[in-house]
Amino acid sequence: MAGGMKVAVSPAVGPGPWGSGVGGGGTVRLLLILSGCLVYGTAETDVNVVMLQESQVCEKRASQQFCYTNVLIPKWHDIWTRIQIRVNSSRLVRVTQVENEEKLKELEQFSIWNFFSSFLKEKLNDTYVNVGLYSTKTCLKVEIIEKDTKYSVIVIRRFDPKLFLVFLLGLMLFFCGDLLSRSQIFYYSTGMTVGIVASLLIIIFILSKFMPKKSPIYVILVGGWSFSLYLIQLVFKNLQEIWRCYWQYLLSYVLTVGFMSFAVCYKYGPLENERSINLLTWTLQLMGLCFMYSGIQIPHIALAIIIIALCTKNLEHPIQWLYITCRKVCKGAEKPVPPRLLTEEEYRIQGEVETRKALEELREFCNSPDCSAWKTVSRIQSPKRFADFVEGSSHLTPNEVSVHEQEYGLGSIIAQDEIYEEASSEEEDSYSRCPAITQNNFLT
């Protein structure tokens, strides 16, 4: 190790102050070994660090320490951008992520915790280390397990479609949570998915119901829960390999457990209690907010979108309110425009359309069960004419149509104009005779 101290131990010659003979030499040897271990654990360690650059591949064949410095300030368009350090090797390697060079020096120093944690760390030949957009520096240590291992390290900054899909899923759960909680398709599909993914957790939960209280078996059950979660994580990481090698067993498991989950969901049925539906709705909306926050890499933009979503969901149509308010303000600032008057032709057409519509509504009401036929017939003078009207005949007789044409038709309009002109001429003649009569009166 770099910076370590090698201690050479020579046999003792003759008796010393720490003892005599063989016993004294053993004591001195033990103290020297312990002091050497102490110096090895506390000595300053010089770490050879390779600085990584984006999109530049660094290839190594030995254990090495790497650091990446993020100098770019995140912008609003980086909400779905992810920075990752990819380590791809020909054989299994162990990757340890730390914050800075000081932590790398601590990894090089001997400690009981580092010794045991090295056995617990997962060994992979292709791994990704996520780097935060606001993280200034990220360091990692790559340790090879076998000789002749070749690996490459590269920093990737790219648009991550997974983040975008997680954000869309959060939007859907938040705005459609009330609809999904009442949907039978969502109920059965969610039940089957939970049954397939968490079958071990469900089995452990069922077994815990049959265990007596204050039993030491609960310790085993807690360990079973942790082991089940670890197995689920391991299966998802190696899902492609499992499908390629054991697709028959995986397909049989999915079909069997899926059918059993569907049977259990069918037995209990969808939620019917309104309070249970509300609880499921709130749970889905809370999950949607969490997905929305985790799907955006910039925290303050994520919080702003969550606040907008809450306002849009809880306030009744705030955009429509804002539009109506702006419209009223603009109308108040402008001068009122007088309404446009209808022409004679438009007035006639509108009257015919509205009359025809009102007559059709009257026929529908008379044919409906709400209309009392006997009471209606007893109040009208011509029941047969009313019956013909209800069956689709005209509401006017030919005589009434001719009278209407004479009064309001084209000929009647001309006659009215002539009468108006005659009346106006008579008024003018009477006005012209009035001054002469007045003058004669004064003369007499």
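Backbone N, Cα and C define each Cβ position, glycine as well.
Of SER89, SER276, SER393, SER424, the one with phosphoserine in Swiss-Prot is SER424, while the others lack that note in the record, though it may still apply to them. Residue with Swiss-Prot feature N-linked glycosylation site, selected from ASN88, ASN125: ASN125. For the annotation phosphoserine, the record in Swiss-Prot points to SER425 among the listed residues SER402, SER425.
Looking up SER215, SER368 in Swiss-Prot shows the phosphoserine annotation sitting on SER368.
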